[in-house]
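The block underneath contains the structure these notes are about, expressed in structure tokens.
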Amino acid sequence: MSLRYRHGPQSGPPRTAPPEDEPYNIIPVHNLLADHPSLRFPEVRAAAAALRAVGDLRKPPYGQWHPAMDLLDWLSLFFGFQHGNVKNQREHLVLHLANAQMRLTPPPDNIDTLDAGVLRRFRRKLLKNYTSWCSYLGKKSNIWISDSSRSNSDHRRELLYVGLYLLIWGESANLRFMPECICYIFHHMAMELNKILEDYIDENTGQPVMPSISGDNAFLDRVVKPIYETVKAEVESSKNGTAPHSAWRNYDDLNEYFWSRRCFQKLKWPIDVGSNYFVTSSGSKHIGKTGFVEQRSFWNLYRSFDRLWVMLFLFLQAAIIVAWEGKEYPWQALTIRDVQVKVLTVFITWSGMRFLQSLLDAGMQYSRISRETLGLGVRMVLKAVVAAAWIVIFAVCYGRIWTQRNRDRRWTGEPDRRVVLFLQIAFVFVLPELLALALFVIPWIRNFIEGTNWKIFYLLSWWFQSKSFVGRGLREGLVDNVKYTLFWVLVLTTKFAFSYFLQIKPMIKPTKQLLDLETVKYEWHEIFGGSNKLAVGLLWLPVVFIYLMDIQIWYSIYSSFVGAGVGLFQHLGEIRNIQQLRLRFQFFASAIQFNLMPEEQLLNARGTFRSKFNDAIHRLKLRYGLGRPYRKLESNQVEAHKFALIWNEIITIFREEDIISDREVELLELPQNSWNVRVIRWPCFLLCNELLLALSQAKELVDAPDKWLWYKICKNEYRRCAVIEAYDSIKHMMLEILNVQSEEHSILTVLFQEIDHSIEIEKFTRTFKMTALPQIHMKLIKLVEILNKPKKDVNQVVNTLQALYEIAVRDFIKDKRTIEQLREDGLAPRDPAAMAGLLFENAVKLPDLSDEKFYRQVRRLHTILTSRDSMQTIPVNLEARRRIAFFSNSLFMNMPHAPQVEKMMAFSVLTPYYNEEVLYSKEQLRTENEDGISILYYLQTIYDDEWKNFMERMRREGMVKDDEIWTTKMRDLRLWASYRGQTLSRTVRGMMYYYRALKMLAFLDSASEMDIREGARELGSMGRDGGLDSFNSESPSSRSLSRASSSLGLLFKGHEQGTTLMKYTYVVACQIYGAQKAKKDPHAEEILYLMKHNEALRVAYVDEVSTTRDETEYYSVLVKYDQQLQKEVEIYRVKLPGPLKLGEGKPENQNHALIFTRGDAVQTIDMNQDNYFEEALKMRNLLEEYRHYYGIRKPTILGVREHIFTGSVSSLAWFMSAQETSFVTLGQRVLANPLKIRMHYGHPDVFDRFWFLTRGGISKASRVINISEDIFAGFNCTLRGGNVTHHEYIQVGKGRDVGLNQISMFEAKVASGNGEQVLSRDVYRLGHRLDFFRMLSFFYTTVGFFFNTMMVILTVYAFLWGRLYLALSGVEKSALSNSSSNNKALGAILNQQFIIQLGLFTALPMIVENSLEHGFLQAIWDFLTMQLQLSSVFYTFSMGTRTHFFGRTVLHGGAKYRATGRGFVVQHKSFAENYRLYARSHFIKATELGLILTVYASHSPIAKDTFVYIAMTISSWFLVLSWILAPFVFNPSGFDWLKTVYDFDEFMNWIWYRGGVFAKAEQSWERWWYEEQDHLRTTGLWGKLLEIILDLRFFFFQYGIVYQLGIAAAKDHIYFRLVQFLVIILAILVIIALLEFTDFKFIDIFTSLLAFIPTGWGLILIAQVLRPFLQSTRLWDSVVSVARLYDILFGVIVMAPVAFLSWMPGFQSMQTRILFNEAFSRGLRIFQIVTGKKSSDS
């Protein structure tokens, strides 16, 4: 270990002042005299000086003290912090304080000292969590600063507290996930700091007090290590996350230990390592779980959301009681006294449910009780006792009502009195609920009670809620309260009305009839004698299931419309395409000025009512085009120039990204003013066709006066500009190509003077003939075309000019003049010889070819003169159009005003990266898959136009032959491809646009009018082609990448870079970068390359250094690329207590890099995201949102909208991205407003950095339970009183998976994550601490969504098994014979089945969001196209995926992080692979349902009526087919006959593979079979029992069918049991025997097979559960071989329809068409991609 990182008395040479050239991160704090742009800010120097003010503090005894050291060094010498940590936090602190001081308005009086207010606000924010923790525990805070006195020493003291906290946080490594643990450490260290500051004397030694820990790395070794080791030991005892959660303590448990005062008695300070806190769960005297025990069970859903289930079940009970009367409307039934009394039974149910809740609490949380927490146990027992007592009281009182009533035979006074008594008791029972309701109506009282830590409040709430540090005071303000209450009242009213009239009421009549049936001829044993209760139960089951889940449907319907409404009010989707943009383009410049440019306001005018009112008026003007902004633009040239700079930069970047061509750049850009044109030169695509229209107007109005004609032309602003610009340009151009000395030059000058004069005196139409204009127009076009040719023929120019002259003199001028008159007027040459056809002969002098500027203008003039089409298709690229439309639309939306860059909030971006692609290599691009498709070929086909643009750009940059692309332009090619995949380089490019945008904005903020005008001129003169190449000649490829070399970069003065670096950094957490460098992995080189070309990019990684005694030390390291030294330099190195990854990898990775981020906000960006330059311009507006209140709180997470950019690859990707888009836009919008329950999903959200770093970081990391780590940040934020908003005026790109297998893996990951959330403490707390309606919103948008998807599938199961029972048992036959009402009941079920399975409720939000953003017709069209491309098959299939993984995770666990591939999917997936993925989740379930449907068809009397059968089962059949066929329909060439044959071979090989021990699941069936049942090894006892109970359904099936066999003529039952097993063993003998002895029919062979196959399957499933007992016995081998046969059987069943469809001719091409429709309609050659026949020319 090098000496530089060690210090203290024994570490060799003492630490001296840091050298001048020590590497720094952003500002060289150690050397304030360095020449660095940031150091010119006095605020930076002030902050650094404040840190240096050590003054008269007592110097630390060890280590040498240098005058250059500051307060952080002082702390580090006293408390033993590491040098690297001190350096990091020093810069962190200086940067933050400087930024905060820059933001002060008005600026402080003394600009050179640190403002006290800034420091005090920062200290309060940073230590807010600590002070609330102190008051929660009733401890006195150790921050000894009185808010009254303001002396200088206080200033220093604040710095010391803040510095101490940051140093502790910066070195705590994994403890950063435990915020209250950090509070505990800080509490004690602050106390010791106070003692040092107040010069206390140590009683034992009589010396001044010393900290209890000090010395080298003392803090790490003696404070962090012991706790870290405990965390690590606990994780190890979790057996890689497979042990049940209740058996070990995760991060949350270890943290919540510090929520009770016992931590002070037990742990003491310095930390007592002998305390039982450090004993792991396997030890004897250990501390159990703290705060919560996670138990795997579906009961968690009931425990967390008990209020919801109480509501549902009580309404169901009441509704059935009321409907039973059979009246038309419920209020008629409620007038009957009997019904009124019967409804009171809901109280018995309610108390029963409370009892259940208390039992569950006790049953699940018992392991929390220990000697230290006896109160918990007492409370659990008491709650159960009280709940039981209530049941008894209610039951007794209710019974007494009826006994009295039956005695009196009617309702008299006595029973009524008993009813009143019952009601009084009930009133007491619901008192707490009423109280809660009162507090709900006045939320601030509730917040006050929960927020203050008075003992009396704790006593009052002890009974209802266990005391908890988080989840207090979560109520929202009154307005929000009203909004979401109204929403939910609406939803619930609809749902209950619907349920009563369409679900419950229709079921009553058939139920009564079934119960009254006496004559049922049971085909088999009756289970409940005398009545058909079982049949009734089975009839009701699916209805009840649907009743429980259909709030989800109503929620999604209402939220779609509410979301659309909110979106409309936010002005989303007003500019949808280029036409609409053209209408508004002239207001566009003002909008940019208004929103993106900081306004110079008087200091006192900010935020007053008046300024807000003016803003609103201004926005209205902009939005509806009141006022005439372009007039303003013309008068105010600076504004026009600023707009031009921004707009042109956006267009330039579009060109760099190759989404527009060079020609389109010329059409789109705003050219700088040249050629003395008098008007704004709008982009060409706005002026197209306008000149021709003006000409035709002039032709029509031949005799009209000037004023009238000009008035007509000026009606259209673009037409006016086009006319003036065309005239000015022609004039300039014609004079430019003539020699100035020549006579011809002066003739033309005179002609133009005449025209000008006539216009001035408004006699133009009198002087000149309008009919000659078209001729002149034709000749001018000819002239311009000649000038545009690469080889320019001077003779042609001369001829054209002569012709023009002729027309002008002969036809154009109305009064004919003779030659003499012309000569006199100066319109003819003096020398008559010249008239003889030699005019212009010697005068033409064409500008040089290198004069790019001239020819560019000529091209523009040509466009204006000739274009006839209305250029709707510019730009051609869909992506470019979408981006321009979104950007321009967002500028008309409401957003906060932009501050200047210097005054904006600083922020950083953090991206966790592990081992994904950085940049595609040459090999990856060229390697072909088995169909002969390489990635490059694929990209060229999909992004056809972008490839052409790329090649055009390469040629412009000096490429001669096309094959040079593989040699000199290799890097450009690799970058081009990588920017179209989901790679790190794409993400880095996107995030560096922030840097680029901020640099440009900083320039525009400070630039004077001159600078901007000059800049505009310079850029214009450089052009784009000639200039840049010479400027950047040193390396051709650096030009294309180095993002700063945009043309604007030439204008920057140098300070922009300093400002921007202070405001923005980008940290990529490349966890294993160190290891990659050591291994010479190409990834490492590419990351280095990215650092080299992006100066704001930093890479953080974990460095493993092996020391002498085979131990490894771990360091967090931050590196950057030093442009001076031309190499990578290490900036900080902080030692970690041990390996980084204890919990889930991604959050751990984020957490280790979090200490290197800077600024007030941090945006978490994932590896699959992208950003756009024009969106980056709006970032400073977004950050201003932190200053506004949303409701009663300021935001802590700013939600940002995402755009899914992978939608164009295949129809599958399109479905996925449509679904995802509606979720990340419409869904989130509704959640944020009105529901106030948006959490953190998805990644571009911006976190309030200091709020989160003191409250546990930006994700949670406990093993397995936090598998979807990011969503827990949202839970944590809400529980700790944060506020999440959602903003739609800015968007970030995001890639999604594109192949079915990847999508399924992703859905599986999300569903498993949700399964784990069900168990988590966060969901439990939110379910209990939120008010009722927010709890509903929370449930139906997170866990509930998955639970309800599962309910849909369960409904299908319940419905089919129930029908089967009715058919087989004979109830159906009897019921049919005497009523038709059965069909009504069926109708009730069927209606619902339909709604759900068409997946309409997944489609509705998509349609609504689409119609909002693209227009209604477009949305309907899209929806129909999707249906034709079988989107509902896909949605039904993915419902199955979700159900399977969600259910399995809740029951058995086994969730794991699935790395979803980010590649391109165009190759065919083999049958075996599909089978491995979907056999258990889809194929087998579909087979089972199909089997039931078949049997039902053959055995049910109803099914004889074909129509009824179809109506009943069509949706079920659809489900079965979707589940079996989806993987093949969405598989490229899934129905290719040859491939199908080949796949089947491969499948059989896989099944029979007898591989060795090391075979993977992909090779050997056996290995896969074992892996598929892994979850059964980790599940608990209840999980196993439930699994066995579910498997029993197959035996029931067999039991029912055997009864239907003809054998059943024999009397005794037992024989068939024997017969059955014999059939399995000795089938043939038995058949012969049976033919002899019973009336056996051959059809029975089929039926019995149907029965036995499921039985065998059931046995195998049960054997799997009992594997621990069976594996050692001989039985196991036969179980395995039978299981193999079953898998072959299922494989064949699934293969049959696929094989049939492959054999059908024409089916394959249809499937390709369905799968790649998007691509077809864009005219791509996908067929070659799919069939692999490359065209010869490529």
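Sequential numbering from 1, following the chain as shown.
Note that Cβ sites are derived from N, Cα and C of the backbone, with glycine treated the same way.
Feature annotation from TrEMBL assigns region 'Disordered' to 1-23, 1021-1040. Sequence annotations record features per position, and here TrEMBL assigns domain '1,3-beta-glucan synthase component FKS1-like' to 156-272. Taken from TrEMBL, the feature transmembrane segment covers 305-324, 380-398, 419-445, 484-502, 534-555, 1338-1364, 1507-1530, 1614-1635, 1642-1665, 1685-1704. Taken from TrEMBL, the feature compositional bias 'Low complexity' applies to 1030-1040.
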Chain residues in Cβ proximity to the transmembrane segment (419-445) (below 8 Å; excluding those fewer than six residues from its ends, i.e. six or more beyond): 341, 344, 347, 350-351, 390, 393-394, 397-398, 401, 464, 475-478, 481, 1192, 1331-1332
Summary of DSSP states over the domain '1,3-beta-glucan synthase component FKS1-like' (156-272), given as helix, strand and coil counts: 78 helix, 2 strand, 37 coil
Tertiary contacts of the transmembrane segment (1685-1704) (same chain, 6+ residues out, Cβ under 8 Å): 1471, 1475, 1479, 1483-1484, 1487, 1524-1525, 1528, 1534-1537, 1539-1540, 1544, 1547-1548, 1551, 1565, 1569, 1653, 1656-1657, 1660
Selection from 380-398, 484-502, 534-555, 1338-1364, 1507-1530, the stretch that has most Cβ pairs under 8 A to the transmembrane segment (305-324): 484-502
Among the ranges 380-398, 484-502, 1338-1364, 1507-1530, the one whose Cβ pairs under 8 Å to the transmembrane segment (534-555) are most numerous: 1338-1364
Same-chain residues near the transmembrane segment (1507-1530), Cβ under 8 Å, at least 6 residues beyond its ends: 1212, 1300-1301, 1356, 1359-1360, 1363, 1383, 1386, 1390, 1393-1394, 1397-1398, 1430, 1432-1434, 1436-1437, 1440, 1469, 1474, 1477-1478, 1482-1483, 1485-1487, 1489-1490, 1493, 1496-1497, 1500, 1694, 1697-1698, 1701, 1711, 1714-1715
